[in-house]
């Protein structure tokens with residue numbers, strides 16, 4: 001069975017014959033690393049550039065040299081004896097070669113021999129037996145190397161880079177005075193053996209390549225050694241070396257490698273230039289498949305990248321059949337969903353998302369409080385989010401999804417409250433009826449496996465929806481920052497001479513002021529039209545009596561405080577920039593890997609903490625996060641349980657089903673599109689998902705929140721994407737120079753659970769949360785919106801409009817789809833995005849889910865503009881298209897089978913008659 005290989009190139013260094021030793025000069029895990037000329041450090045990993053001549057010489061060496069496959073040996077001496085047993089050399093030379101092969105190996109991570117031996121030794125030590133300190137014994141170790149090896153520790157940092165189960169390939173090349181022609185051997189051991197002291201790392205050796213020759217050809221042997229080492233790191237030759245049965249298989253492997261190499265003209269390239277390892281190494285699977293020309297790709301490959309055709313979206317035909325399958329699929333992973341959360345990465349994700357979720361929930365509650373005159377406000381929003389999020393995180397099919405408030409829900413609440421106010425109905429009671437009907441309709445969708453319709457939501461719809469939500473996050477973050485200028489205006493053209501020119505006025509419309517003045521028995525000649533100098537009242541008294549501040553030195557809410565707006569802008573952009581900087585710190589060149597990885601995981605939290613500390617130290621009164629400090633309903637005339645009927649007429653219970661239908665579409669589309677985006681194949685989720693179970697939890701909690709008079713919560717796209725991005729897993733043991741491989745997502749329930757538990761406890765943490773400036777949280781919104789846009793193909797295609805063809809990136813779809821068709825697809829998708837934006841920001845935002853649903857039908861119309869092949873590269877195929885393709889193939893088979901039967905019958909009756917018919921058909 002092939003294993004990962006660590007390849008080491010050792011060259012023999014001769015010093016008057018006695019001080020000879022094998023010295024490590026290069027190593028390969030994936031890319032080449034050389035010992036620099038100074039001998040004190042490794043080079044940066046780089047792509048090996050080989051001379052074509054050395055490759056041909058290597059081929060000749062394998063063709064004409066000794067090839068020993070599946071040799072059984074326990075030590076380097078056994079290998080040397082069997083390799084020299086061919087009798088091609090006389091005994092004297094054979095003995096010298098044997099001694100050369102057993103010389104000790106000096107690795108780069110070891111100290112020099114002179115540093116290992118103390119300068120001053122006792123006479124007793126000098127008198128000890130040291131016949132030849134450079135020979136290894138039969139077990140592969142010299143008598144004096146045991147103590148040295150105990151002192152000399154293995155490079156643990158490099159060991160972490162080597163994959164588990166890896167084996168070694170040792171390349172030994174060099175010059176010997178006693179040889180007049182090269183001695184070549186390719187050895188494969190079976191089983192692999194740990195040759196102590198031969199390899200830099202203590203792993204079993206599987207392959208040895210030995211090349212010893214006469215003096216004067218050292219550089220040539222070095223290049224041949226580099227060539228075989230590079231071949232051993234090649235995926236195809238690596239498999240050939242493990243499975244070869246004879247010399248011819250190895251030669252064929254070299255020939256295949258030569259077929260794939262690219263030759264650079266000597267006058268146009270400097271071979272001393274080291275090529276940086278690529279970010280993405282191309283797959284070599286095509287080379288392993290015979291008969292597929294280089295550079296071509298099967299059409300089926302495109303269809304594997306997208307689409308939603310897993311078992312979780314198959315209709316069962318049974319009542320609640322899909323829900324039952326979701327439960328069966330997710331229950332076995334419940335304990336692992338808890339165990340997998342024991343990671344520092346989950347702590348970082350939880351802290352980041354807690355800060356990111358708090359502000360929108362409180363802001364949404366504040367806006368809802370303004371729209372409903374305090375019937376549902378911040379404390380209800382906080383309580384509802386906490387309760388719903390905890391339940392969803394514990395029992396949902398996809399706990400990576402984060403629930404939050406959405407714009408269409410707020411628009412619906414405003415319209416409903418206005419309707420109730422105009423017709424004298426109880427808003428909370430009617431809202432409870434609508435919520436219960438919505439929950440019931442969602443349960444019907446769960447019962448009938450309606451979530452299977454998600455199959456029709458392709459990348460076209462997903463990207464338009466996700467792009468819109470990301471843009472809204474960015475827009476609202478900038479908008480909130482802009483609105484700070486209303487509260488904290490810029491005092492333009494300020495004059496210090498007017499610093500004391502400010503006053504406080506009670507306007508006639510200020511009923512609260514009139515009431516307070518009468519209550520405190522202030523007597524003025526003209527009470528309501530008077531202007532009181534600032535000497536009469538302090539600022540707090542002015543605010544207490546609801547006065548208005550006038551003058552060039554005043555703001556809207558008191559005396560003008562300089563620098564607040566500009567400091568808010570600095571906080572805003574600094575938080576976003578720092579979050580990005582810390583996130584990218586993982587790929588920087590500074591500090592050890594663990595430090596860089598931890599900084600990257602805690603990037604947003606560190607950015608928030610940094611800006612909060614700076615803000616606290618400067619003491620500029622920037623606007624802070626306001627969290628309710630008392631756990632009770634906002635209004636005293638309502639409790640935590642709402643009657644569905646209340647003071648409303650009985651028929652409102654039945655009439656509520658009409659707006660509930662619209663709410664159901666709103667909840668279904670918001671929830672399922674976000675779930676589709678989270679469950680894409682690109683995220684490599686291993687525990688499955690549960691569309692039906694997710695919708696069930698949302699429906700149940702929606703009903704509970706309706707009865708308790710709490711806001712409704714549904715999957716939040718940007719927060720969910722940010723949650724997934726914060727839990728990405730990458731390979732830890734990547735080879736030097738190799739980019740870490742994306743392994744998937746850390747799938748667990750604990751981060752979501754802890755986010756909403758802490759959100760519920762926020763009422764008791766106001767003393768800490770009051771230090772968080774709002775511009776810092778707005779900066780987090782900007783970062784989340786911008787970072788979530790990365791990887792959306794729509795924006796990659798938009799950039800192509802401004803690029804000449806020769807400068808365009810090598811996107812896979814550009815190889816298979818004409819550029820004009822790519823631009824047409826982009827224009828259609830971008831037009832749909834603009835339409836969604838127009839509806840979202842207008843008064844018609846309530847029909848936004850209907851427009852998202854309409855995108856599915858627009859995508860269906862694209863089947864008449866683009867071919868199936870083009871859509872398979874630009875988008876996912878619709879389920880019917882795949883079905884039609886299968887039906888077409890079945891029709892072809894049904895058409896061919898009768899013809900084949902006739903041919904077989906004719907052939908069995910009279911072969912000559914069959915040949916005659918064939919000739920007549922060809923000539924005719």
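Note that Cβ sites are derived from N, Cα and C of the backbone, with glycine treated the same way.
What TrEMBL says about this protein:
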DOMAIN    3-271  domain 'Band 3 cytoplasmic'
REGION    272-314  region 'Disordered'
DOMAIN    318-879  domain 'Bicarbonate transporter-like transmembrane'
TRANSMEM  346-369  transmembrane segment
TRANSMEM  389-412  transmembrane segment
TRANSMEM  424-447  transmembrane segment
TRANSMEM  521-546  transmembrane segment
TRANSMEM  566-582  transmembrane segment
TRANSMEM  602-621  transmembrane segment
TRANSMEM  650-669  transmembrane segment
TRANSMEM  690-714  transmembrane segment
TRANSMEM  753-783  transmembrane segment
TRANSMEM  822-839  transmembrane segment
TRANSMEM  845-862  transmembrane segment
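Of the two recorded stretches, the transmembrane segment (690-714) lies close to the transmembrane segment (650-669), with three or more CB pairs under 8 Å once pairs fewer than 6 apart in sequence are set aside.
Within the chain, the transmembrane segment (753-783) has long-range Cβ neighbours (under 8 A, six or more residues past its boundaries) at 350, 353-361, 379, 382-383, 385-390, 393-394, 399, 402, 473-474, 476-478, 480-481, 484, 568-569, 571-576, 579-580, 604, 607-608, 611-612, 615-616, 622-631. Within the model, the domain 'Band 3 cytoplasmic' (3-271) shows a mean pLDDT value of 76, rounded to a whole number. The stretch in 424-447, 566-582, 602-621, 650-669, 822-839 that contributes the largest number of Cβ pairs under 8 Å to the transmembrane segment (346-369) is 602-621.
Counted over residue pairs 6 or more apart, the CB atoms of the transmembrane segment (650-669) and the transmembrane segment (424-447) come under 8 Å in at least three pairs, which marks the two as touching. Note on the transmembrane segment (845-862): residues 407-408, 411-412, 415, 456-458, 460-461, 464-465, 662, 665-666, 668-670, 673, 825, 828, 832, 835-836, 839, 871, 875, 878 of its chain, located 6 or more positions outside it, place their CB under 8 angstroms from a CB of the stretch.
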